[in-house]
4 protein chains.
Amino acid sequence: MTARPLPEYLVRRYQGWRATTYAGNRPWYRRLAEEGQRPRAMIVACCDSRVHVASIFGADSGEFFIHRNIANLIPPFAPSGDHHGTSAAVEYAVRELRVAHLIVMGHSQCGGVKGCYDMCSGHAPELLEATSFVGRWMDILRPGYEALPPGGDAERVQALEKLSVKVSLDNLMTFPFVRAAVADERLTLHGLWNDIAEGTLEAWDETRAEFVAI
Amino acid sequence: MTARPLPEYLVRRYQGWRATTYAGNRPWYRRLAEEGQRPRAMIVACCDSRVHVASIFGADSGEFFIHRNIANLIPPFAPSGDHHGTSAAVEYAVRELRVAHLIVMGHSQCGGVKGCYDMCSGHAPELLEATSFVGRWMDILRPGYEALPPGGDAERVQALEKLSVKVSLDNLMTFPFVRAAVADERLTLHGLWNDIAEGTLEAWDETRAEFVAI
Amino acid sequence: MTARPLPEYLVRRYQGWRATTYAGNRPWYRRLAEEGQRPRAMIVACCDSRVHVASIFGADSGEFFIHRNIANLIPPFAPSGDHHGTSAAVEYAVRELRVAHLIVMGHSQCGGVKGCYDMCSGHAPELLEATSFVGRWMDILRPGYEALPPGGDAERVQALEKLSVKVSLDNLMTFPFVRAAVADERLTLHGLWNDIAEGTLEAWDETRAEFVAI
Amino acid sequence: MTARPLPEYLVRRYQGWRATTYAGNRPWYRRLAEEGQRPRAMIVACCDSRVHVASIFGADSGEFFIHRNIANLIPPFAPSGDHHGTSAAVEYAVRELRVAHLIVMGHSQCGGVKGCYDMCSGHAPELLEATSFVGRWMDILRPGYEALPPGGDAERVQALEKLSVKVSLDNLMTFPFVRAAVADERLTLHGLWNDIAEGTLEAWDETRAEFVAI
């Protein structure tokens, strides 16, 4: 048998949510369903279970259009006709929903970025194989690895986490509809990096060309 | 200038979160950073701003590995060497993190599914273009459209929303490492559909071959 | 003969659990067995059959390390070389498992607290005997009895139930490894009191120095 | 500051529980509060977060008086006037609540039993120190270690897990009030061992003097 019943503890938590959060906000949920979503921003974050953008930004239902993939990467514009889940999400947010902000958020201790670092420095040959989905996905971050300054491993891995944000912002600007929306001042781009242990955020500062604590 | 400072209202919310939620849980965030994540389940959900799985399931930081893309789709296994963000996320969750559950959750009023329906029924020619990322992404759901029973549009669109979950579960089983983990009883698959207006959940019941209210 | 076969109704319930809850979560149980537990919090609660913390907090297997004794008491730090079950549990949770939260939960209608009240007010001479295990255990709560404000018996008994939580929190801070973990922000302490009849929770509010409804 | 507010996700789960489980059972909770508990059995189990007796035995509020300590140990009868939390719990269950069954349940992968094994075989000198609460608590299981048959480490550790149940049953019979209740057929004793990975139970069979699968 393929699909199984939901674990009991999740059923109970869902029932609790429905009797409280949902019951107390039914009008809002109904209106969201009838009128459709109208999110103010798109957030691109990592799948990591420790990253919780909705909590950090006190988000309410309907507020953020959220795409989460490994290492919060956006590939360069490449309309090849293939399935491009991330590019589709960006296209939908910018062209259809016309979000005003597009925020890319990276984080500390990112397993995907660490894998990329190991792969590029020759310590994870399995990620080089053509059949490694994680390896091929992390190829997007290779230009980041190549731009790393010299230094110790820990330091360079953290620098690469921040570069995953910068590479994504740069790749976003290769999408004609993103470039146009930014030029028309219909969209602003933002880069963040979250330190999980310290609960801090740093933002990419274009003028100083570095990440700066908020 | 490409990247801009974070909007002030988000800065304020972040600062509030840090002084409250983070401050009250600092030991947990530090431990998560030091020991790494060990999520019990992966959840694949839609980017839609109205979908909030962490809230529905009373989730805590570190509990769920979450991938969100348009229409919660998982493409079939295709190790072509290209960037496959969704397949990379599934591979990482199953092989690296060894999650015990993989939950696919669809929802009502899904814009991506509606686009697929319109495209397949000839009412959205722009989505047929090779350059449409959304159209090419929604191609994954074509087998769902073709399996739709006759009926009114609204009814068939909702049926297609549920089929997006079923198609993803079927595609999951084309990944050798997913199939092996399910066979070895290291992984169970689960399919859910969330009615946004009513706050209800339905689960795919393999025995009855239909979605059943929880 | 000392040990007897398990009562049939428990055998049947176990078999039912195994065919349903266990069968649907086998991957998770296996992983918990292989990788070991990594609970986020320790909960100290009463043995009372009406107290059900796992249910109140929607807990999943592997989530809470739970010590239950009479009246949820923690004795003061006293490394005498004797058997100290409660101190051993706290030591294991804080030093070995490095839990991030330690929650002490008392409750209404607590028989142990009532016994302490009767003993201290001269109405339960049998509990004063050196051979009374319950009496000697409840001695831990004597400082609570002495701190009680004047009032009616029912009121004072309930105040003493809440003081059982406060006394335990104070005693926790006499353990050097607890004090160190709190100082280093590796551990936070929390005090709760559950009204069984009303299903409510009150939390010890350090700033206001009183229990406050959640 | 010593005590902190309860983590938000636990507050939300509690509110969900109150609106569902509690709201649907208010008459029962009220009656339990008014009439007092009248549990049928006492269960002595380990604090381990993976052990969930209430779930295995489909327990309802008010059904089991549950004491949980490290490695489900009961010390021998020793009315020294000191704080004996476990002996107090047994005394209260047998003399005050007059439970009909007393069930001791051990489990696989028990960290406490493993510590005892390492300590007794000379591989954990830190547990031998007078100030180690865990070490002094695990001394209760030394007679079990000494009774172990020769064999490989893994095999002997599992044998010791089962002996933790047997030693506790033997120690129970050193309490005069337990012996009297068993002799009068007011109380039966039961020994169980739970395999976490496989979800199985074995029961101590007095006649065959071994653990037998249920």
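Every residue gets a Cβ built from N, Cα and C, even glycine.
Just so you know, TrEMBL annotations are computer predictions that nobody has curated.
B:H107 (Zn(2+) binding site) carries a strand DSSP state (E or B). Other Cβ atoms within 10 Å of the Cβ of B:H107 (Zn(2+) binding site), summed over all protein chains shown, number 24. Annotation comment: TrEMBL describes B:C46, B:D48, B:H107, B:C110 as Zn(2+) binding site.
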For B:D48 (Zn(2+) binding site), what is the tally of other C-beta atoms lying within 10 angstroms of its C-beta? 30
If you run the three-state DSSP split on B:D48 (Zn(2+) binding site), which class comes out? coil
Filter the binding-site residues B:C46, B:D48, B:H107, B:C110: retain a residue only if its CB is under 8 A from a CB of chain A. Output in sequence order; output 'none' if empty. B:D48
Other C-beta atoms within 10 angstroms of the C-beta of B:C110 (Zn(2+) binding site) total 26
Within 10 Å of the Cβ of B:C46 (Zn(2+) binding site), how many other Cβ atoms can be counted across all chains shown? 28
